[in-house]
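Colleague: Can you keep this structure in mind? I'll have questions shortly.
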Amino acid sequence: MGASIDDYCLIHKKILHSEDLLKYILETSAYPREHEQLKGLREVTEKHEWSSALVPADEGLFLSMLIKLMNAKRTIEIGVYTGYSLLTTALALPEDGKITAIDVNKSFFEIGLPFIQKAGVEHKINFIESEALPVLDQMLQETKEEDLYDYAFVDADKSNYANYHERLVKLVRIGGAILYDNTLWYGSVAYPEYPGLHPEEEVARLSFRNLNTFLAADPRVEISQVSIGDGVTICRRLY
């Protein structure tokens, strides 16, 4: 049995501070539409010590809808954890769709692998156990113009998001989308100072404040910052 919705509200980062409204969204719109294998993976992940890293079910539906609306086929995922967003993407892609998934910890990915296999989408995924920057640099050298990617989703080490952006804005095609997760960071980015955070959390918070300012001024993309989950920023490449 997975964590209750009340537990979910307490342990997961969220922008929506009304737990009753969050429960309503999850129970009414998200969970009834959640794929069986995504539900199983979510329930397993909610028992994990790093369960707060789980992409929420309502955000998963948002990502799936966007991928389908774009008719995306080639995607990149940086930061996999147990693979909830990865499985979401794989299910949304067509049968010949491909995902290059990069994470430093394969053991977390292996938690989700049985659910990916049961869903019949393992063939769409190329998992690479590595730091992301060297892999992206290699991809930049090897990827031809006609093989650029349609979509990228980043949910990894927060201090490197700006570095990932510089690579992804070249790897994703013009008109393609780059999504950054957690960009509102509990809502704490609204304040110049936010006492009480763990030092690592504060580093991430400041990184996101800098990233948000940078993306808003980047002429290569147009952006929309969506207050779902812990905040998702969508960048559409312009040139």
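Heads up, the Cβ atoms here are built off N, Cα and C, so glycines get one too.
Heads up, here are the entries from Swiss-Prot:
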{"type": "BINDING", "residues": "Val55, Glu77, Gly79, Val80, Ser85, Asp103, Ala132, Asp157", "note": "S-adenosyl-L-methionine binding site"}
{"type": "BINDING", "residues": "Asp155, Asp181, Asn182", "note": "divalent metal cation binding site"}
Colleague: Given the recorded divalent metal cation site (Asp155, Asp181, Asn182), which additional residues of the same chain have their Cβ within 8 Å of the Cβ centre, ordered by sequence?
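Modeller: For the divalent metal cation site, the extra neighbours are Val55, Gly79, Val154, Ala156, Tyr180, Thr183, Gly229, Asp230, Val232.
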Colleague: Determine the minimum-neighbour residue: among Glu77, Asp103, Asp155, Asp157, Asp181, listed as binding-site residues, which Cβ has the fewest other Cβ atoms within 10 angstroms?
Modeller: Asp157
Colleague: How far is it from Ala132 (S-adenosyl-L-methionine binding site) to Asp155 (divalent metal cation binding site), counting Cα to Cα, in Å?
Modeller: 11
Colleague: Between Val55, Val80, Ala132, which of the binding-site residues has its C-beta surrounded by the fewest other C-beta atoms within 10 Å?
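Modeller: With the binding-site residues Val55, Val80, Ala132, fewest surrounding Cβ atoms within 10 Å: Ala132.
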Colleague: Cα distance, Asp181 (divalent metal cation binding site) to Asp157 (S-adenosyl-L-methionine binding site), nearest Å?
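Modeller: Pair distance, Cα basis, whole Å: 11 Å.
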Colleague: Fill in the CA-CA distance, Val80 (S-adenosyl-L-methionine binding site) to Asp181 (divalent metal cation binding site), as an integer in Å.
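Modeller: Here the two Cα atoms lie 12 Å apart.
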Colleague: Taking DSSP as the reference, which of helix, strand or coil describes Glu77 (S-adenosyl-L-methionine binding site)?
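Modeller: DSSP assigns Glu77 (S-adenosyl-L-methionine binding site) to strand.
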